[in-house]
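See below for the structure under consideration.
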Amino acid sequence: MDASYFAVQRRALEIVGFDPSTPQLSLKHPIWAGILILSLISHNWPMVVYALQDLSDLTRLTDNFAVFMQGSQSTFKFLVMMAKRRRIGSLIHRLHKLNQAASATPNHLEKIERENQLDRYVARSFRNAAYGVICASAIAPMLLGLWGYVETGVFTPTTPMEFNFWLDERKPHFYWPIYVWGVLGVAAAAWLAIATDTLFSWLTHNVVIQFQLLELVLEEKDLNGGDSRLTGFVSRHRIALDLAKELSSIFGEIVFVKYMLSYLQLCMLAFRFSRSGWSAQVPFRATFLVAIIIQLSSYCYGGEYIKQQSLAIAQAVYGQINWPEMTPKKRRLWQMVIMRAQRPAKIFGFMFVVDLPLLLWVIRTAGSFLAMLRTFER
């Protein structure tokens, strides 16, 4: 496997302080991780206070609450990762070992490389979108200030976020600390989201690999042979199902919180673009909206992918077995395998299953809330 294998996830975990080379996913830089969390918390709560100062201003209210929700989600994701880091590290290393063992066979290696290439497309898309949010929050205020300087000869300072800093940001000795603090808060939320969400993508694709390798085993082996082949297949199928179950258990809380808030985030961000006007926050909101859409889609795509690949085992078993030549006893055993495979592996978020229908529900619900906000505005 090439150098790009697990590269996005490894770098993302290292940025937020974890050491992905250890089976326990130990926190290598706790002070840096603490600074990121502190910047998030100190950045989020003033936004809530500022948003609630004038409830009649829906634009200010929705702008600030959309960012507050993302910051809260990133903080929650980090806390979950800290609580479950040993389980996450164990799952990562189990998949590494399974992939290394399977890569000795050329066609198995081809499957592993293809799935990890798909993961890189997903992970890099979200990573680049998240870095776009950071860049927009850092560059847009500067460009707007420079544009004002060109037109009027006066540099008008604007901050990455609109809220009450309790300091006069028009003064240079206050403006630059506020500016850096604001960008760091956005970067912290983005880095923590990248670490968690790209890791979910990698785990999803590499769990899917285990189901795809089972299909290759069905194609390569004579399933009408001895009981050892049936036993080996059932054992590998059990491992794949256990990996999917562990993935669901680890990310259950994260998925639940994400999708309970996601439709509110979408409708609030969309509401901003239904209003006319330009500010330093518009590029930030636009890139933020793109990142949220990619984030939600990647989770639903991953859940649907695992579900469909686990279901495909039943069809593969049925198609590869020569049923007329098989003894009745062995036929019944393989029928039990099919029956188990017809109950798909799923990613649960306590109240819902993460799949493509969930994404449609989020979009429809966000549209309904957007219509409600437009009604309040009128």
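Just so it is clear, glycine is given a Cβ too, placed from its N, Cα and C backbone atoms.
What Swiss-Prot records for this protein:
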- 1-30: topological domain 'Cytoplasmic' (TOPO_DOM)
- 31-51: transmembrane segment (TRANSMEM)
- 52-129: topological domain 'Extracellular' (TOPO_DOM)
- 130-150: transmembrane segment (TRANSMEM)
- 151-173: topological domain 'Cytoplasmic' (TOPO_DOM)
- 174-194: transmembrane segment (TRANSMEM)
- 198-218: transmembrane segment (TRANSMEM)
- 219-249: topological domain 'Cytoplasmic' (TOPO_DOM)
- 250-270: transmembrane segment (TRANSMEM)
- 271-285: topological domain 'Extracellular' (TOPO_DOM)
- 286-306: transmembrane segment (TRANSMEM)
- 307-342: topological domain 'Cytoplasmic' (TOPO_DOM)
- 343-363: transmembrane segment (TRANSMEM)
- 364-378: topological domain 'Extracellular' (TOPO_DOM)
For the topological domain 'Extracellular' (364-378), the DSSP helix/strand/coil residue counts are 14 helix, 0 strand, 1 coil
Contact between the transmembrane segment (198-218) and the transmembrane segment (286-306) (at least 3 Cβ pairs under 8 Å, separation 6+): yes
Recorded stretches the transmembrane segment (250-270) and the transmembrane segment (31-51) touching, at least 3 CB pairs under 8 Å: no
For the topological domain 'Cytoplasmic' (1-30), could you work out the same-chain residues 6 or more beyond its ends whose Cβ comes under 8 Å from its Cβ atoms? 36, 78, 81-82, 85-86, 88-90, 92-93, 96, 99, 103, 109, 112-113, 116, 120, 123-124, 127, 191-192, 194-195, 198-199, 202
The mean pLDDT across the topological domain 'Cytoplasmic' (1-30) is 92
In the same chain, residues at least 6 away from the ends of the topological domain 'Extracellular' (364-378) whose Cβ sits under 8 Å of its Cβ atoms read 58, 62, 262-264, 266-268, 270-271, 274
Tertiary contacts of the topological domain 'Cytoplasmic' (307-342) (same chain, 6+ residues out, Cβ under 8 Å): 208, 211-212, 214-215, 218-219, 223-224, 227, 230, 233-234, 237, 240-241, 244, 353, 355
